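I have placed the structure first, in the form of structure tokens, so that the comments after it can refer back to it.
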């Protein structure tokens, strides 16, 4: 009996200590609007019940306003789509790190890289990698981009007048080929698991496992992960991707042949040779780059094609511009100077990234307390959800028709009139995506060749699009497109 009483007293003391140590969170909860959700799990169950649909945050913002405090598990989460609050977050040195839960989920699948490094380690790594993404380096990849875009032109010829199709699987293959070749060099084309598609399947598996590891972090426990087969799937996919990268690195380090096309690996391995980076550093970095680049590019191009099919007036406007710059059509070569002339295509691309951003959500964590411009005090240890999707549809910024497709939103005069943190397709501040310029050039070049040669249509309505959170944006139902050849 005495033992039981001692145990109960000890449990009460622990509980009181736990609550007292988190008092700053509960004080914040009294000042900021938002739901608590269920005990211990917060809104995690509701998020899973809705199958990760973005609609949950739409409901929260409608009820509680543009900045909401809620809970996932025992973690307080501040969700916002207010540009001024986003500016506070992006410009604060105390909000530069991702949530530790997200970092662990990513690094367990991809290894350590710019996606997960923190503070000084991140600063040093970015400084080392930045020259590889400068303008001249990016433009050196245009021949590779032209070749792979021509592959798309040839591929789509097979679908002409062949009924409605889902283009995303083919675009996934195309974007993965670009990411792998630009990162690892043209030698990847000789790799068996690259040719047979197994490598792409491995990265797709990792893309699905990362958000599961974020929402259900207990699955990263070795024993629980095995029990629910999470660990088996993670290990299989990570092993295959790592083996591919290791094989290419080893061949590059032992080779004296410099005749291949330029690739990031050649520049970055020079940092290994002079001792600036370790072998493990580049293993993780290459995995991070391939993962981040391939999925976002295919999603963006696919979404542009979908919206062009839904809005034929804008598709015709873009075609007229393309026909003027590229009179011949077919498998033409496009230079960077050519792409700079495509202002209508550029507006369509940016409007698509506004309405359907490839990355709908960024997650940070306060390393020290900060005070927001609205006067609210956010203590250390709070998870910050930067809701890009709803920021891009914020009616206070984009007007009453914020949800409508309108490329004129990106006319020069309209861009100048908006707050700087209202459009975030590649993040913002010092953690802006390193490859943003390469991504835009890749997308514009592929879109130019597709839309110059083909006309797309669909019976799927814009209002019926439904969006799902993932590492990258997913559509609940993929619209099917019909392809016709342009004369």
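Cβ from N, Cα, C; glycine included.
Listed features, source Swiss-Prot:
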type	residues	note
BINDING	433	heme binding site
MOD_RES	223	phosphotyrosine
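You'll find the Cα of residue 223 (phosphotyrosine) roughly 35 Å from the Cα of the residue listed as 'heme binding site'. Over all protein chains present, the Cβ of the residue listed as 'heme binding site' has 18 other Cβ atoms lying within 10 Å. Secondary structure at residue 433 (heme binding site), taken from DSSP and collapsed to helix, strand or coil, is coil. Other Cβ atoms within 10 Å of the Cβ of residue 223 (phosphotyrosine) number 7 in total over all chains.
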